[in-house]
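Have a look at the structure below, then the notes.
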Amino acid sequence: MATGGDPAASFVDTLPKAELHVHLEGTLEPEDMFAFAARNDVDLPWASPDELRAAYSYTGLDRFLELYYRGCTVLRRRADFHELTAAYLRRAAAQGVRRAEMFVSPQSFLDAGVPVADQLGGVLDAIAEARTDTGIDGALLVIAQRHRSEAEALELLEVLAPHRESLLGVGLGGAERGNPPSRFARFFADARRRGYRLTCHAGEEGPPEYVREALDCGVERIDHGYTAAGDPALVARLRDEGVPLTMCPLSNLRLRVTDDLSTYPIAALHDAGVVVTVNSDDPPYFGGYVADNYRALGLPHPTLAALARNGFTASFADDATVAAGRRAVDDHLAACG
């Protein structure tokens, strides 16, 4: 997004950031979806990228997921995953992202016959190249789809075993309602035993109880966590246990989780002592990459800087990377106000 000479926009664009909640499949721009479809001989139900963009109107998470999974069908080769990841990392670096912890969901691609080695290999090659080319520090987490069974999630961990040392963590995502985290307690326990860092999508459309269940499963980060804001006891638990929320303002707005970002609870949660962060989720589908999400909040620079510091604090990076990121945010605020 062009910012021209707007000092407020410039502050956000150059603010050092860590992005912790972004789905690589959800970074697929319409033009790229059509290019991959042509390459892989996949039919799409839209006549053009513009017609696809016009379909980005949602009544809730389920409608979005229909489009999202249709988009996933165009990714068939290692080169596709490489190009997709490289494109996201270029855009992220241009928006001030220094650390990106990205999700990929292998199960749909495995169903389509795409080997997990091709999926992960393409992503990991792009991460290594971007680290050299732009300095962005990327890492990969794998999502198990919660509309599937826990047995399938446990099987996924077995499939991932040869790639364990290349992966940062695992999480749970997908259609939330009716699929509580407690159904996947053994999955989280097995992942912890294998040494993965743990996250869980909870409290997007699901009730606060889903956030509580995720905490009971021992996850280290909650992805979304929006509905937790209405439960004071849960807010206190998140604060006391230091479990961060990776919130996604534009996603929540476009999916009608919230009607108005002027009342979005991220600032209130921050004031209550919860570690909250700003992220893009699936940027083309929701109208903005991470800097656009920061801008959409309309918060003062010191608060935006605090949220950016939280991004590094909440990351699964090593202590030196976290400290360097936080210092960079402080230096930016001191220089730009």
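Cβ atoms here come from the backbone N, Cα and C positions, even for glycine.
TrEMBL lists His21, His23, Asp281 as Zn(2+)-binding residues, and of the candidates His147, His163, His201 the one it assigns to that same site is His201. In this structure the alpha carbons, written CA, of Asp282 (substrate binding site) and His21 (Zn(2+) binding site) are 9 Å apart. Fewest other C-beta atoms within 10 angstroms, among the recorded positions His21, His23, His224, are seen around His23. Across the domain 'Adenosine deaminase' (16-321), the model assigns an average pLDDT of 98.
Other C-beta atoms found within 10 angstroms of the C-beta of Asp281 (Zn(2+) binding site) number 30, with every protein chain shown included.
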